[in-house]
Amino acid sequence: MAGPDDQHLSGMRVEYGSVEKDGSPDLDTDWLYDGWLTLFCKWIDDAERAGVAEPNAMVLATVANGRPVSRSVLCKGADEAGIIFFTNYDSDKGDDLAATPYASVTFPWYQLGRQVHIRGPVSTVDPQVSEDYWSKRPRGSQLGAWASHQSRPIASRTALLDQLLEVTVRFADSELIPLPPNWGGYLIVPEVVEFWQGRENRVHNRIRVTGGCIERLQP
């Protein structure tokens, strides 16, 4: 049965750019001959300069009991080895990755008509990497990580704030808050990286990098 907003939703449409329309160059395989990382970092920088909120936000998809689950997280590192993010290892995503250490992430920069999709095996990072990042987090974020038993049910927001107050008091005299034993980073090692650029008439540009192979894909 059609909902009251179906007609409105079906009519939503954004027209993408083109060389002729706005001078934006077409994504080309030549841009990727030195690997995926240079263009990826450039697109992150472009998104930041364009005022995109949280240009390092990515949609992380994991598998739970054979069923996909997705959520938004923040990328906190990118190099030739892969993409790094941090979380509670006892969270739902941590449980998923313990059972199936493979994931995909998508960086959607809607304002620019671009996205990058990356997928590959996942492993926990070296504990020192987690320590280094943890030491740079704001104190409030550190307290929040200690307070939250991530993904577990709780009776109310008041109860959650009570937990935050408890850890705030516990660490009140501590200049440095220690890294929780169940908190740290994951590394996604790129097996496949796909760059997508929206183009006029939905004839989009898609280029996939798999190892040393660079392929243009039909939209």
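Each Cβ is built from the backbone N, Cα and C atoms, and glycine gets one as well.
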Of ARG157, ARG202, ARG206, residue recorded by Swiss-Prot at the FMN site of ARG71, SER72, VAL73, LEU74, CYS75, LYS76, PHE86, THR87, LYS93, GLN115, GLN150, SER151, TRP196: ARG206
Binding-site residues near GLN150 (FMN binding site) (Cα-Cα within 10 Å), from ARG13, GLU15, LYS76, ARG202, HIS204: none
Neighbourhood of VAL73 (FMN binding site) by C-beta distance under 8 A, where only residues 6 or more apart in the same chain count: ALA57, MET58, LEU60, PHE85, THR87, LYS93
Long-range Cβ environment of ARG71 (FMN binding site), under 8 Å and at least 6 residues apart: VAL59, LEU60, LYS93
